Amino acid sequence: MIVSTKVLFEQAYKKYAVGAYNINNAEQVMALFRGNINSKAPFILQLSKGARSYTDKRLLEAMIRAADEIFPEAIFAVHLDHGDEENCYDCIDSGFYSSVMIDASGEEFEENIAITKRVVDRAHEKGVAVEAELGKLGGVEEHVSVSEADAKLTDPEQVEEFVKRTGCDSLACAIGTSHGAYKFSGSQGLHFEVIEKIAELLPGFPLVMHGSSSVPQDEVERINAAGGELKGAKGVDEDEIHKAGKMGVTKVNIDTDGRLVWCRVHREHFRDHPEVFDLRPAGKVFMGEYAKYIEHKNEVLGSAGRLEEVRAAVK
Ligand code: G3H
Ligand code: 13P
Ligand code: ZN
């Protein structure tokens, strides 16, 4: 059942965080649903601009509709990740999305507000929620690359005005993470003092953490042992993710970890079975492994076992 992010956030706020997982293909969709059903967790399925154009947005959306039928017990929201204005309007008008993210975080404060407000006005007319971003994460996404020098933590002084003037429904904050597999060079971690300050200024308002992959070191080692070259890859400590969830970080975005599972499974599979050229055996292993990853992550987030509570709230 596709639901609004609003109901998911109301249920979760300061109790647990909802996993928001990026999806690109059929194997990821199947494993994501299986993993969440197995751990009885509500979840957010998110599609980036790159994911929507990788095969075709209609194919991806049709797969999600099909998964909704295949797994009728699932409760989830469908979200556009890192949209520009054009992507947001496309998703809002489609009637399929629970929420969109307008990412104008690369703009100056006033311009970020103006763009976000335009999207909020149009989204709210159609009952679609909006995630906005204030501050600048470091790291690389398909369409944006922000160097560490340009990354900027969210300024708590700006959050109240930003939320008030834009009317956004949730806020992505830069709190020390970055996108991709190379988040920290040393022992850095989340800036809990920033989370605490923002949550204090915006009580009850759902905060979003991007760049939340934990980059499991055993995955990195296995990838490297099977021919990969991921030197110095490092992610967010899972204890820190759990703690952030109790402080108001209600949506936790994860993409890279899923890619690592995919990479490890396929590298090992073709290393160990050089005679194989069929795509399905490796795809099957991947679906099993990614579902297991989702189950584990939902335990970390605290969303595991919350499905029936949420079902009662949406009835
Ligand atoms: O934050 C970005 C997500 O990891 C999506 O990445 O734009 O390469 O699909 P993508
Ligand atoms: P990771 O690169 O840490 O998985 O972050 C994903 C993300 O923030 C998607 O918006
Ligand atoms: Zn992101």
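The backbone N, Cα and C atoms fix where each Cβ goes, glycine too.
Any TrEMBL annotation is an automated prediction that lacks curation.
The active site, proton donor annotation in TrEMBL covers Asp81. Other C-beta atoms found within 10 angstroms of the C-beta of Asp81 (active site, proton donor) number 27, with every protein chain shown included. Secondary structure at Asp81 (active site, proton donor), as computed by DSSP, is strand.
Using a 10 Å radius centred on the Cβ of His82 (Zn(2+) 1 binding site) and all shown protein chains, the other Cβ atoms total 26. Annotation source TrEMBL lists Zn(2+) 1 binding site at His82, His179, His210.
If you look up TrEMBL, you'll see Asp103, Glu133 marked as Zn(2+) 2 binding site. Proximity of Asp103 (Zn(2+) 2 binding site) to non-local residues of its own chain (separation of 6 or more, Cβ distance below 8 Å) is seen for His82, Gly83, Asp84, Glu133, Ala172, given in sequence order.
Note: Ser213 (dihydroxyacetone phosphate binding site) has non-local neighbours Ala181, Lys183, Gly235, Val236, Ile254, Asp255, Thr256, Asp257, Leu260, i.e. same-chain residues 6+ apart with C-beta under 8 A of its own C-beta. Among the features that TrEMBL reports, dihydroxyacetone phosphate binding site is placed at Gly180, Gly211, Ser212, Ser213, Asn253, Ile254, Asp255, Thr256.
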Integer Cα-Cα distance in angstrom, His210 (Zn(2+) 1 binding site) to Gly180 (dihydroxyacetone phosphate binding site): 10
Site diameter for dihydroxyacetone phosphate, Å, by largest Cα distance between Gly180, Gly211, Ser212, Ser213, Asn253, Ile254, Asp255, Thr256: 11
By Cα-Cα distance, the member of binding-site residues His179, Gly180, Gly211, Ser212, Asn253 nearest Asp81 (active site, proton donor): Asn253
Spatial neighbour of His179 (Zn(2+) 1 binding site) that is closest, considering only the binding-site residues Gly211, Ser212, Asn253 and their CA atoms: Gly211
Of Asp103, Glu133, Thr256, binding-site residues neighbouring ligand 2, Cβ under 6 A: Thr256
Binding-site residues near ligand 3 among Glu133, Gly180, Ile254, Thr256 (Cβ under 6 Å): none
In sequence order, those binding-site residues of His179, Gly180, Ser213, Asp255 whose CB lies under 6 Å from ligand 1: His179, Asp255
